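Enquirer: First the structure, then my questions, so here it is.
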């Protein structure tokens, strides 16, 4: 019997037979046929094929009937979508949220009423879509690629669950993204634009803005945030061509929060919150829900909006988590500061957040419950007089230019007086061709560390003040540390390359045990995949 087929139980009624979660992950992994995003060799990538898939899955009418909020952008779009969902859920609506990527479990991409979809529901909808596509695809219309299948699955889930509002985060770009099959959204949003995915979207802000503006639909209102002039000019031009009323949403004034803090940390989140407020206000207005006083947002915010903004949560963005497996005297001996920043602009934001969050007098440094930390005095003493040591744990995809990322991070932290004692470079535990909660390379796989060594050379040149020199030519004397705790590590005074993330985590734990008077504050950044891998190892 095919997985996900209907079968009769003993009483003659139909029930859905589903497979184990691992089988679903194996099937999903088979759709990852490309080794990099810039690889255009897969013939399942033609944008028009999406409409064939939608017909196969009988989703044409359900998608037309959905009341959708569609959000693109280089940075901040995930946060904007999270705020938007939380606001409308607190207004009493049944929400569906589709975001990417996931950090630990693929079900994180599909949120119903603020929670990840249950495993049971996920498997039922997964196999329904999988079997139908397997039966009806062909050489001309092959199985969809990985992200496209996930987007189609999101539409199926939201249609079947009859959500009041579907909030869709664009995966990549806009114009040719799988989410852009939506032809009549209620409102669109463009978060901050910057340089990212340039191998696909273009080398200028104008080209990138043009791709993002591809989600604009004729006559559908749209909002954006203050943008660089080159980007704003393109957005305005595209909006004008489609008779789109494009407005710039003002950042949220913290005074309007009535003393509460945003659920997502960082000064930049007030801009994302302002965009979310504009999207929610317009959605309420255009769908006829005028019971909530949302229009007078310059002087006050409805309680539902404030609660939504204050309780929003998103893993891997300005997230503070203590190592929950280490045995130490104080809960603050090893704390991870996780942020999936991976563009030059987001490196600045990440560095500013980390620098402020690690200061002795920072409210984030007092172990707030909302961030999963223990407060001082609970479960052990909190040693305020301990020395603080900042460590960087970093990796980024090889399509990104680390010379645009690491210098920004170092300089922004230095401007706050924060200097990393050591940088640790690791390959990601997750492998991009396999999906699952523990997907990792085979134990005997030969690990290529050439990229991590490149990152290390750049780091050493930065620390040594050799910024005018080509990092590729920077000389680096590495010793291969051979003792048991550092086996497989390529170490120098300022940095270490580990052959695996678990080795790096173990080194940190050992360092804490050997240095009882030091609190280790570890910034994890450069890749959301790395952030997810770390969370998997340090959270219970």
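All residue numbers here begin at 1 and follow the chain in the order shown.
Glycine too: its Cβ is placed from the backbone N, Cα and C atoms.
According to TrEMBL, the protein has these features:
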BINDING   100, 169, 197  Mg(2+) binding site
BINDING   317, 339  ATP binding site
Enquirer: Mind checking which of 100, 169, 317, 339 has the fewest other CB atoms within 10 A of its CB? They're the binding-site residues.
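Expert: Across 100, 169, 317, 339, these binding-site residues, the one with fewest Cβ atoms within 10 Å is 100.
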Enquirer: About how far apart, in whole Å, are the alpha carbons (Cα) of residue 339 (ATP binding site) and residue 100 (Mg(2+) binding site)?
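Expert: About 15 Å separate the Cα atoms of these two residues.
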Enquirer: Between residue 169 (Mg(2+) binding site) and residue 317 (ATP binding site), what C-alpha distance do you get in Å?
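Expert: Here the two Cα atoms lie 15 Å apart.
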Enquirer: Quick one: pull the CA-CA distance for residue 100 (Mg(2+) binding site) versus residue 317 (ATP binding site), whole Å only.
Expert: 13
